[in-house]
Amino acid sequence: MATRFPKFSQGLSKDPTTRRIWYGIATAHDFESHDGITEEKLYQKIFASHFGQLAVIFLWTSGNLFHVAWQGNFEQWVQDPLHVRPIAHAIWDPHFGQPAVEAFTRGGASGPVNIAYSGVYQWWFTIGMRTNLDLYRGALFLLFLSTLALLAGWLHLQPKWKPSVSWFKNAESRLNHHLSGLFGVSSLAWSGHLVHVAIPEARGQHVRWDNFLTSIPHPQGLQPFFTGNWSIYAQDPDSMNHLFGTSEGAGTAILTFLGGFHPQTQSLWLTDIAHHHLAIAILFIVAGHMYRTNFGIGHSIKEILEAHTPPGGRLGRGHNGLYDTLNNSLHFQLGLALASLGVITSLVAQHMYSLPAYAFIAQDFTTQAALYTHHQYIAGFIMVGAFAHGAIFFIRDYNPEENKENVLARMLEHKEAIISHLSWASLFLGFHTLGLYVHNDVMQAFGTPEKQILIEPVFAQWIQATHGKTLYGFDVLLSSNQSPALNAGANLWLPGWLDAINNGNNSLFLTIGPGDFLVHHAIALGLHTTTLILVKGALDARGSKLMPDKKEFGYSFPCDGPGRGGTCDISAWDAFYLAVFWMLNTIGWVTFYWHWKHITLWQGNVSQFNESSTYLMGWLRDYLWLNSSQLINGYNPLGMNSLSVWAWMFLFGHLIWATGFMFLISWRGYWQELIETLAWAHERTPLANLIRWKDKPVALSIVQARLVGLSHFSVGYIFTYAAFLIASTSAKFG
């Protein structure tokens, strides 16, 4: 007899209802709960799945390169990056009528195409690619890597090649290899690529495999390196008149510390980027020799944690027991990794627009908006996941005996103080920010805008001034001519930095006023409330005053309202569920702010943002409503244009989003009755009754319905805003 899905759970596979399918999908990746799982099998499965993940990533990037080379216009774009619209791929759609075919035939293409707003053209151009052949070679190489990763994954599941648990728990070796090998050597390799291929290409010198070994990246070769005259590599940088991709105005420097942006491309100097990666490489390669492994030298993390006695005994037993707690809990490790990755992803969003690294990307406004929004949403989901796995750690892996009186136990002991402080901060931010906005709305409505409460963000302006922004007249540190900081570092403070920070043509330290002050605090409210929900969910996951320890209840123990008595207090799943809504709303405010401020900057009417962002009606009317007009006219009774696909996605996104509420605000018995009625009708309808099912239809559980509702809400919300963002920006700037 064939085993029914799911094979990993015999108990579940025998369930006669549709619950078998839903629970099977829900627990497919919860390896810990599978039949016959051992610690060794668990680690090996996760290890092998990492190779699968790499294979998918390589295949995806290979596909990007291949489709652009096959159906894109990379070679035409390279000739004129500012005026040719980059093509992602062709659209094959038999449903298109003639008006649609004409509307979507752009960028010099012969048929309907999709425009690329991902920035890949600018990236490939910056790193030295120039022809379709370059793209094809890249695609083929990545396809080879993808196959290699799949083979490695399969190999490490074979008996002879399965690593042991002790190998996975050798933290020092893993840290050394990841620091030196993963970060250090890869940064060194990237610096090498920039110096040997990308920088020469930016100066009109074509370096490929046939002349790679004969083209010296610097006229003096390695002599300055071996003689210690490293500064020679920084002499003669590209001039301010350098035309990117040509020898006109090009210098010979390969590792510089200029600061600021290349005047033509509006992106960071490639020689600065190469220098940065070389410095990172050295730092990480050194760091990767820090921990004790084979030779009995270096640090032992366990010894460090146990030797560190907190001053005055104020933190109990400090970090005692933490090494084993962390090293034996995959959820703890994953939580920390996700928290780090979430922060980094958000920083990537901030730096991609303020310090653009890719040539001409700063002038492609739709791409800038898309990349910022994309990275902020990704960061939000990753951060929420960090807390979810932190909560699972407390439920499944935390052992109070092993952590007596250490910092982890003490944090749990004063969780009430942590939660109440976060609660107070959220309440303070919420009432004051909303109060200011609403007051300003009322003043606008009554025709007395001069009575608005407008607060200048003086502390933030002062911080901008210390970094060199002179506009506010603070005359402090780098913005002061007499400052010892400025004089002492005349050649150190990246000569181009001070020009860039005071130049109105980039997004570096944007000028801020009362509208920024208010939205900053609205975002702070969102961040603090999301954090409050997540922190409370994790700290109370194992129990509260009402229910001391719920280890056996598991993570997806549902909160069922006051009728069940106190279960909402200790449901980490429900905290996660609630936090996702707050996270999405917070990132909504972040992206609204970024987008509106930049639209007005790019259009040269920044006063619109400054005047309208101080009250809520301004946001609704002058940002959302005003910018959705082009979108809603994607197709109308007079015909259609290239925005029609975004108009359709905008409507469809709203539909998915609204469907979520059907699952979120409903009574479970109603669904069961509805399903039974549909099943009854199906079985009695000719033709339809030829199709039978073996599983008895059962309504979703509370947790499942919340998950389905939440996923619809999230996907619909993001679809809707993505369509709005891309259509409103591309309609204005192309």
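Positions of Cβ are set from backbone N, Cα and C atoms, glycine also.
Pulled from Swiss-Prot, these are the features on record:
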BINDING   CYS559, CYS568  [4Fe-4S] cluster binding site
BINDING   HIS654  chlorophyll a B1 binding site
BINDING   MET662, TYR670  chlorophyll a B3 binding site
BINDING   TRP671  phylloquinone binding site
TRANSMEM  46-69  transmembrane segment
TRANSMEM  135-158  transmembrane segment
TRANSMEM  175-199  transmembrane segment
TRANSMEM  273-291  transmembrane segment
TRANSMEM  330-353  transmembrane segment
TRANSMEM  369-395  transmembrane segment
TRANSMEM  417-439  transmembrane segment
TRANSMEM  517-535  transmembrane segment
TRANSMEM  575-596  transmembrane segment
TRANSMEM  643-665  transmembrane segment
TRANSMEM  707-727  transmembrane segment
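Sequence-distant contacts of the transmembrane segment (643-665) (same chain, six or more residues past either end, CB-CB distance under 8 Å): 100, 103-104, 628, 630-635, 700, 705-706, 708-724, 726-727, 730-731. When the binding-site residues CYS559, CYS568, HIS654 are ranked by how far their Cα is from the Cα of TYR670 (chlorophyll a B3 binding site), CYS559 comes first. Within its own chain, HIS654 (chlorophyll a B1 binding site) has GLY716, THR720 as residues 6 or more apart in sequence whose C-beta sits under 8 angstroms from its own. Sequence-distant contacts of the transmembrane segment (417-439), counting only residues of its own chain at least 6 positions beyond either end whose CB sits under 8 Å from a CB of the stretch, comprise 411, 452-453, 455, 518, 521-522, 524-525, 528-529, 531-532, 535-536, 539-540, 614-616. Looking at 135-158, 175-199, 369-395, 707-727, the range that has the most CB pairs within less than 8 A of the transmembrane segment (575-596) turns out to be 369-395. In the three-state DSSP reading, CYS559 ([4Fe-4S] cluster binding site) counts as coil. Of all the binding-site residues listed here (TYR670, TRP671), it is TYR670 whose C-beta has the fewest other C-beta atoms within 10 angstroms.
A helical conformation is recorded for TYR670 (chlorophyll a B3 binding site) in the three-state DSSP classification. For the binding-site residues CYS559, CYS568, MET662, the largest tally of other C-beta atoms within 10 A is found at CYS559. The CA atom of CYS559 ([4Fe-4S] cluster binding site) is located 19 Å away from the CA atom of MET662 (chlorophyll a B3 binding site). Contacts between the transmembrane segment (330-353) and the transmembrane segment (175-199): absent, as fewer than 3 C-beta pairs lie under 8 angstroms at sequence separation of six or more. Counting only same-chain residues 6+ beyond the ends of the transmembrane segment (175-199), those with a CB under 8 A from a CB of the stretch are 126-128, 207, 212, 215, 217, 254-255, 270-271, 273-275, 277-278, 280-285, 287-291, 293, 301. Taking only the Cα positions, the spacing between CYS568 ([4Fe-4S] cluster binding site) and MET662 (chlorophyll a B3 binding site) is 22 angstrom.
Cα-Cα distance from MET662 (chlorophyll a B3 binding site) to the residue listed as 'phylloquinone binding site': 10 Å (rounded to the nearest whole number).
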